[in-house]
Protein chains: 2
Amino acid sequence: MAPVLALVGATGAVGGVMIDIMNNRPAFPWGEVRLIASARSAGKKMTVRGQELTVVEISPEAFDGVDVAMFDVPDEISARWAPIAAERGAVAVDNSGAFRMDADVPLVVPEVNLDKVAERPRGIISNPNCTTLSMMAAVGALHRKFQLTELVVASYQAASGAGQGGIDRLYAELEAVAGKHVGNRAGDVAEALEAAGLPAADSPFPAPLAMNVVPWAGSLKEDGWASEELKVRNEARKIMGIPDLKVSATCVRVPVVTTHSLAVHATFANPVTVAQAHEVFDAQPSVVLVDDPANLKFPTPADVVGGDPTYVGRVRQALDFPNTLDFFVCGDNLRKGAALNTYEIAEALIG
Amino acid sequence: MAPVLALVGATGAVGGVMIDIMNNRPAFPWGEVRLIASARSAGKKMTVRGQELTVVEISPEAFDGVDVAMFDVPDEISARWAPIAAERGAVAVDNSGAFRMDADVPLVVPEVNLDKVAERPRGIISNPNCTTLSMMAAVGALHRKFQLTELVVASYQAASGAGQGGIDRLYAELEAVAGKHVGNRAGDVAEALEAAGLPAADSPFPAPLAMNVVPWAGSLKEDGWASEELKVRNEARKIMGIPDLKVSATCVRVPVVTTHSLAVHATFANPVTVAQAHEVFDAQPSVVLVDDPANLKFPTPADVVGGDPTYVGRVRQALDFPNTLDFFVCGDNLRKGAALNTYEIAEALIG
């Protein structure tokens, strides 16, 4: 019998991308798709591969007969319901932060550590944070060949990393400042937003995002670090199996709707040239190399959004650091950074 | 007799900021200000400290009697005219790239190496590139105390770094995409721009900048490096007098009108704590420390634009790198990054 796939959080921002991915997948091995959401969204109709499905309310029984349950919901919902799905016999593939650092839960990027899906004592597999994921296919491929020892990363993170509320806020802010030619005097952006009925208190971001960048993502952790920056460090170590990997990350939100970019400074145990790195990227099916600066070709978020691969460019050998490459990576944070990676894990589980 | 100051490039974007700075300086030691520009702009009237001045056309004679001539013009204009100004007896303070790496031309940031203005065999002093300058007051202060050895930098550079054409283009692009909710599909931004009469060929940027980031600034140099990235490296070495400083920079344009930001990963010969770094920043008059993440306080370009100081925040001790700090810097690229630093040098020369 063909396996049953559940999607928990079907009506959210990532849920919508997940349905888009399912609709466009060349092969579809699932016998049944079950859309699950909160009571508020239950009863909603959504179309998956030409079939109109009715969203059902989350309950223990909703997981009966499910082989794989994908969770795209906030941490606390996953923390409560993923173990229940597992008890009912499903493998839970969770895109929240609830289980990522749990020693009994594998944290999986199929291109890097698909073998880890087999060890899942809790019946749960975690999907990495979108910022980590946006670079992992590229960095993981280099690591396999040259053995990664250090990562210094600065992010250019999209508004949609903060969910539908982040997308809506950025669009509203852009509309409020457009044509006003503000931005050359302190406070002008904030004033334009207030005047447009967009008070700072209503924003998911701690500062205006239109015509601005905001060096903050997540919540405050020890010693001034933002949770997103520690996730990049801890998840990169776990995914690649390098417990002593040296990592410094600075996470910055930029006024881009979708696609996270990262400036990566990566040091390896072994010597590596630009030509060798190009070879590695060319050989990795999920990576697209766009690296021709003589013709002004490099990845930008606008070129990447809506696509599945990780785009890499600006590959340079560091001039002063041995065995080190500098490069720029762009990945759609809603696709490979969230829905796609989760779906790839789900497919691998039954393949 | 009170000294005579010339401003070459009075009618450009940086020239305008320079006049604003002169108008708002508490003391003004100059007996005469002479505004100089190309033939096209000669005859224009501009007001400096309440006095209407007429812009004069550049010529050798225009520099007669001038003590200090500030140049805010393209490289090739400076290359031609700064030596002529020097011949006529003026000290040329040049904000172009023409002389920065000339061994006989000091490259000066007053907070860091003001002593260097005395050695000027060519009669020319250079002002650093705006990206280098945006971090130099902060990085230089740390270097004095802890001895800098390595810098890994990622920039978030404003459109005005590309001059008035860059500012105009960003405003036009923002207006073209506002309210259209484009940005979630590849090519949509470019299409919206085309539809609004903003073809890519007319842009000073190699890709759309609205709702996008572009990992490129300057021209192509050897091995895939952009000129702006090499300037950060070579100028930082020269200004701080550390010929073997290890530097990797990735320069990225963001849809911000004015103020460059940098994510800095700085390694020192000596141990350094966050508290010690805060002390150094507090003691540096041209640096403003905004570092209270518990209350979501950190510098963003919108808070900084139009101001003179360099703003620093997000100071963290690197978790895995000894003697290393990660922090975020914002500086108005038209003020400290260009006009202000040039004017400070001019003032120091007569003070």
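Each Cβ is built from the backbone N, Cα and C atoms, and glycine gets one as well.
Annotations in TrEMBL come from automatic prediction, not curation.
Residues or ranges marked as domain 'Semialdehyde dehydrogenase NAD-binding' by TrEMBL: A:4-120. Positions annotated as NADP(+) binding site by TrEMBL: A:Thr11, A:Gly12, A:Ala13, A:Val14, A:Arg40, A:Ser41, A:Ser160, A:Gly161, A:Asn333. Residues or ranges marked as active site, acyl-thioester intermediate by TrEMBL: A:Cys130. Under the heading active site, proton acceptor, TrEMBL lists A:His260.
Its Cβ taken as reference, A:Thr11 (NADP(+) binding site) is surrounded by 19 other Cβ atoms within 10 Å in the chains shown. Figure note: comparing Cβ neighbours within 10 Å for the recorded positions A:Ala13, A:Cys130, the maximum is reached by A:Cys130. Mean predicted confidence for the domain 'Semialdehyde dehydrogenase NAD-binding' (A:4-120): the pLDDT average there is 96. Comparing A:Thr11 (NADP(+) binding site) with A:Cys130 (active site, acyl-thioester intermediate), their Cα atoms are 19 Å apart once rounded.
DSSP assigns A:Cys130 (active site, acyl-thioester intermediate) to a helix. Among the listed recorded positions, namely A:Arg40, A:His260, the Cβ with the most fellow Cβ atoms inside 10 Å is that of A:His260. Restricting the recorded positions A:Ala13, A:Arg40, A:Cys130, A:Asn333 to those with a CA within 10 Å of the CA of the residue listed as 'active site, proton acceptor' leaves A:Cys130, A:Asn333, listed by sequence position.
Separating the Cα atoms of A:Cys130 (active site, acyl-thioester intermediate) and A:Ser160 (NADP(+) binding site) is a whole-number distance of 10 Å. Helix, strand and coil counts under DSSP for the domain 'Semialdehyde dehydrogenase NAD-binding' (A:4-120) come to 38 helix, 30 strand, 49 coil. The maximal spread of the NADP(+) binding site, taken as the longest Cα to Cα distance among A:Thr11, A:Gly12, A:Ala13, A:Val14, A:Arg40, A:Ser41, A:Ser160, A:Gly161, A:Asn333, is 26 Å.
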